[in-house]
Amino acid sequence: MKTLWKHCHIASMAHGKYSIIENAAIVTSGALIEWIGPETELAEPEHDNCIDLGGAWVTPGLIDCHTHTVFGGNRSGEFEQRLQGVSYAEIAAAGGGIASTVRATRAASEDELYASAERRLRHLLKDGVTTVEMKSGYGLDLENERKILRVIRRLGNTQPVTVRATCLAAHALPPEYADRAADYINHICNDMLPALAAEGLVDAVDAFCEYLAFSPAQVEQVFISAGQLALPVKLHAEQLSSLGGSSLAAHYKALSADHLEFMTEDDAVAMAAAGTVAVLLPGAFYFLRETQLPPMEALRKHGVPIAISTDLNPGTSPGLSLRLMLNMACTLFRMTPEEALAGVTFNAAKALGMSATHGSLEVGKVADFVAWDIERPADLAYWLGGDLDKRIVRHGVESSI
């Protein structure tokens, strides 16, 4: 079915720029874009439907390329404790922190995890998100990592959103492997990844490279195993210290390296050469009251693509609005609104290996877009909170969220 979407202005985000088309129209055929351009250049079309967008600004559907949406439990009590002066170490010693989320996730049924994740996902969808990545990493054994990944697949099959599933078994050390990190990494590589990949539950593999998680050498083992399974890799790197994780990610042609507050210019050079995307997570930076900024000038100087994401998770970034992250990226990291919008469209698609089909409005790409009732594209990064009036189109069909 062909649909003409007319009377709009378009920020197509082609090549990662606004790439504005004034007084524009889009023709979709099924789930794909068949034509896009100034309305005056549109030949008399044959179409089944004609939809007037009322002068709206149209952007690609937003892409949240780094989330931990599926988890059990609630850590708002820890948030309150920290603000009362209890240290993270004290909370962890009492069984809190990520360990509490692992316990709650293991205890939850698949249906319970689905129900709670679906509620969180709905907030993202209402913000204009049409594609989202979700990670495992709160199960930390084969049974529970499988359970999380099954929930992620189920969300993609039942909700009006494209979902990419990432296995983050190398997120933290589970209690049964205390002081045995090498054994756990071997278990991930020899048992968990092959089984989960064989079941079709994994689109990419991630790890946490940090002094309080896994070493570069241990992460490299995971990357080698992922490569043997033909799975692309991603990496949490340089959030709290500089271990060279982002350069390691670049060496293995990772889709992305994420966080990056402590990365060096040499890391930026390596990432640029590899085409590895820098995924910045301003929500975690804000929530943890960090002070070490990502090296924005080095990223720009060397042409590293920059994406933005919510990092939605229970411990360090309980963020339910990707649009709020646009403002945070501009305010905290001094990104421009154009850079920030590219970070949740064009470059976010790159970070998921989806740039051939998603991330910009171009002929042949998937017809995922949002028609916003705004005065200019910068409004998306300008307004703090609220629910901007919008119409969301996914695969060429208007969604009601």
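Every residue gets a Cβ built from N, Cα and C, even glycine.
The N-formimidoyl-L-glutamate site recorded in Swiss-Prot includes Asn313, Gly315, and the single candidate from Tyr18, Tyr114, Tyr138 that the record places there is Tyr138.
In Swiss-Prot, the Fe(3+) site is described by His66, His68, Asp311, and among His187, His236, His395 the residue recorded at this site is His236. Summary of the site annotation: Swiss-Prot records 4-imidazolone-5-propanoate binding at Arg75, Tyr138, His171, Thr316. Screening the candidates Gln228, Gln239 against this entry identifies Gln239 as the one listed for that site. A simple way to gauge crowding: the CB of Thr316 (4-imidazolone-5-propanoate binding site) has 20 other CB atoms within 10 angstroms, across all the protein chains here. Less than 8 angstroms from the CB of Gly315 (N-formimidoyl-L-glutamate binding site) sit Arg75, Glu78, Gly97, Ile98, Thr101, each of them six or more residues away in the same chain. Checking the binding-site residues (Tyr138, His171, Gln239, Asn313) against His68 (Zn(2+) binding site) with a 10 Å Cα-Cα cut-off leaves Tyr138, Asn313. Apart from the site residues Tyr138, Asn313, Gly315, the chain places the Cβ of His68, Phe71, Arg75, Ile98, Thr101, Gly137, Pro314, Thr316 no farther than 8 Å from the centroid of the site's Cβ atoms, the recorded N-formimidoyl-L-glutamate location.
Of the chain residues outside the Zn(2+) site list His66, His68, His236, Asp311, Thr67, Lys135, Asp258, His259, Leu281, Ala284, Ser309, Leu312, Asn313, Ser317 have their Cβ within 8 Å of the site's Cβ mean position. Taking only the Cα positions, the spacing between His171 (4-imidazolone-5-propanoate binding site) and Asn313 (N-formimidoyl-L-glutamate binding site) is 13 angstrom. Distances between the Cα of His66 (Zn(2+) binding site) and those of the binding-site residues Tyr138, Gln239, Asn313, Thr316 are shortest for Asn313.
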